[in-house]
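> Let me begin by handing over the structure; questions about it come next.
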């Protein structure tokens with residue numbers, strides 16, 4: 001089965017073609033990502049209207065490019081998968097309308113995919129991970145600890161009360177005057193800094209629940225930067241290093257508890273006759289090398305296989321959407337052409353909203 005994938009949930013326009021066989025293995029034939037960094041850089045963050053217009057301008061071209069690079073034609077495509085949410089409504093509409101039009105014109109099966117499911121299943125695409133496994137999803141819009149039982153079967157163990165980790169990285173970088181996108185810039189600055197210079201809090205460290213909070217850490221950084229102003233280049237590096245160290249300590253604490261919980265639920269998963277259970281880190285923040293190394297060491301201490309997709313598949317891409325769509329279609333699932341985009345679409349539909357996250361709950 002050959003699928004065309006389309007991803008337009010935020011500030012990357014992406015298309016891909018994959019080949020998916022009956023055994024559930026996929027081969028990426030093309031994976032095109034068009035970044036809007038230059039469009040949003042003057043504003044220091046993503047502007048939804050600009051993002052949607054940029055998707056409109058380039059999506060058709062990228063669909064043709066993905067088909068050409070895969071050396072295939074639309075006629076040879078068996079199904080079309082597109083991100084249906086969560087994300088920015090304007091961008092989601094662009095991708096959905098294009099996918100629906102192609103499906104209607106060609107009569108191909110069509111499925112709207114949860115963007116988070118794309119991230120959640122990327123490790124199955126890249127490493128043939130077996131279920132169940134533990135997933136830490138860390139991106140610009142989401143920070144969640146998820147127990148992945150199977151395709152369509154997700155148990156949210158924890159989520160953020162406030163800012164997603166990627167958002168905290170970007171806002172801290174902006175506060176320090178670092179260029180957009182903030183996450184990579186802050187990671188680079190931290191390499192030259194003293195992580196012990198600025199005392200910063202470790203939010204929820206020691207808490208027995210598996211939730212996250214980063215707004216207090218962000219506020220502490222602002223207070224420290226204000227007290228030290230004007231900031232020298234070394235000051236910026238030291239604050240960046242101290243912030244990143246606080247994040248890593250917090251993640252270590254949360255992940256340690258999650259790994260213990262997984263082992264208590266699946267004690268036989270550590271049977272030496274089988275592949276060790278997997279701890280997967282996915283989402284854009286998973287590209288941070290300091291975070292990767294720390295979590296890899298922690299996973300190995302708990303006898304877990306550590307898996308982080310290659311950086312190109314950590315950030316938003318259409319290959320993961322095509323793969324998630326293929327897994328759904330293989331189970332007989334498709335979407336109606338009148339399906340609407342969802343700005344919020346939790347992986348775990350049964351998870352209750354966190355107290356203190358407002359009427360609509362946490363951003364899941």
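Glycine too: its Cβ is placed from the backbone N, Cα and C atoms.
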> Taking 316, 338, 348 as the options, which does Swiss-Prot list with 115, 119 at the Fe cation site?
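Matched candidate out of 316, 338, 348, per Swiss-Prot for Fe cation with 115, 119: 316.
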> According to Swiss-Prot, 137, 138, 139, 140, 141, 170, 183 bind substrate; which of 21, 31, 288, 297 is also listed for that site?
288
> Work out how many Å separate residue 139 (substrate binding site) and residue 115 (Fe cation binding site) at their Cα atoms, rounded off.
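Spelling it out, the Cα of residue 139 (substrate binding site) and the Cα of residue 115 (Fe cation binding site) are 11 Å apart.
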> Three-state secondary structure of residue 119 (Fe cation binding site) from DSSP?
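Once the DSSP labels are grouped into three classes, residue 119 (Fe cation binding site) ends up as helix.
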> Out of 115, 119, 316, which of these binding-site residues is nearest residue 170 (substrate binding site) by C-alpha distance?
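For residue 170 (substrate binding site), the spatially nearest of the binding-site residues is 316.
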> Which is it, of 137, 138: the one of these binding-site residues whose Cβ has the most other Cβ atoms within 10 Å?
138
